[in-house]
Amino acid sequence: MRTIAVLTSGGDAPGMNAAIRAVVRTGLEKGLKVMGIQRGYNGLINGEIFEMDTHSVSDIIQRGGTILRTARCEEFRTEQGREKAAKILKAFGIDGLVVIGGDGSFHGAQLLSKLGINTVGLPGTIDNDLAYTDYTIGFDTSINTVLDAINKLRDTSTSHERVSVVEVMGRNCGDIALYTGVAGGAESIIIPEKEYNADKLCKQILQGKLKGKMHNLVLLAEGVGGANELAKYIEEVTGIETRSTILGHIQRGGSPTCMDRILASRMAYKAVELLISGKSSRVVGIKNGKIIDMDIDEALAVERSFDQELYDIATILSK
């Protein structure tokens, strides 16, 4: 192993820069040449590859986003596109590739490994939807961003004695809504993993009003969607002024938290070690506080287990 490369793919996540920094500096310390690939698999196919040194990653650990940029790539979805990508990697003398991204990015790394490319994946996604790992890079920053937003919404919601319906990211995984719902004291948490009844929700809101609640905070994962429509329905049924807020892409930005910076650094260090030791087609994660690695096929096949205990806690504390 003499030359490795790193790319970021899919949706950006805070902490990606910390991971890039750790890959580059660990690789250089181990005597490797390190290349950066811009704009994910799209940049790989177009040969947007450059050599990186320790100064390339100076002053980035505190920055959100990714200095390597990220992009979707339809061509890479084709067999011809992947073969082209593999040839370009070999032409640049790249022996190992670190891919930072979500499940789609991992599927790409998985397919490249079948073409003889040594790959290691790092979980970079705010959704926390990769089941093999307890946490993904970017999740902690995202939930802190959401928590800050709902704290502010609670202030104005209380002043006006209204209901706030807040839609957060999470298509198939409701972790952002669940974690921030518990931490932010939400009265209701609506997530893809659990069915909900709008009429029952309205009844709960009215019961809360009778108990003297000054406001109601409803957190809604985008996988369920319909924040605007739900807000209108709540107001029609309860007669209580209701407003909807869709937080959107603000959840992906911002300076990464201490936890995300450390997690990204630990995972990236492990990724370089794996490549040096000759291991390929692996992904890095964290379980019970320990950095782990596993086969990428096995990791993608792991079924996600829902945190029922945390959901039960949220339900009890919201009353």
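The backbone N, Cα and C atoms fix where each Cβ goes, and this holds for glycine too.
Just so it is clear, the model here is predicted, and its values are computed rather than measured.
In the three-state DSSP reading, Gly11 (ATP binding site) counts as coil. Here Swiss-Prot flags Gly11, Arg72, Cys73, Gly102, Asp103, Gly104, Ser105 as ATP binding site.
Marked as ADP binding site by Swiss-Prot on the basis of sequence analysis: Arg21, Ala22, Val23, Val24, Arg25, Arg154, Gly185, Ala186, Glu187, Lys211, Lys213, Met214, His215. Around the Cβ of His215 (ADP binding site), 20 further Cβ atoms fall within 10 Å across all displayed protein chains.
The Mg(2+) binding site annotation in Swiss-Prot covers Asp103, and the record cites sequence analysis as its basis. Under the three-state DSSP scheme, Asp103 (ATP binding site) falls in the helix class.
Taken from Swiss-Prot, the feature substrate binding site applies to Thr125, Ile126, Asp127, Arg162, Met169, Gly170, Arg171, Glu222, Arg243, His249, Ile250, Gln251, Arg252. Every protein chain shown contributes to the tally, and the Cβ of Arg243 (substrate binding site) ends up with 18 other Cβ atoms within 10 Å.
Summarising the annotation, Swiss-Prot assigns active site, proton acceptor to Asp127 and lists sequence analysis as the type of evidence. Listed in sequence order, the residues of the same chain lying 6 or more apart from Asp127 (substrate binding site) and placing their CB within less than 8 Å of its CB are Gly102, Thr136, Phe139, Met169, Gly170, Arg171, Asn172, Cys173, Asp175, Ile176.
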Arg243 (substrate binding site) versus Gly11 (ATP binding site) - Cα distance in angstrom:
28
For the binding-site residues listed here (Ser105, Thr125), tell me which residue's CB has the most neighbouring CB atoms inside 10 Å.
Thr125
List only the single closest residue to Gly104 (ATP binding site), chosen from the binding-site residues Arg21, Arg25, Thr125, Glu187, Arg243 by CA-CA distance.
Thr125
In sequence order, what residues of the same chain, 6+ apart, have a Cβ less than 8 Å from the Cβ of Cys73 (ATP binding site)?
Gly40, Tyr41, Asn42, Ile45, Gly81
Rounded to the nearest Å, what's the C-alpha distance separating Thr125 (substrate binding site) and Arg72 (ATP binding site)? Just drop the number here, would you?
15
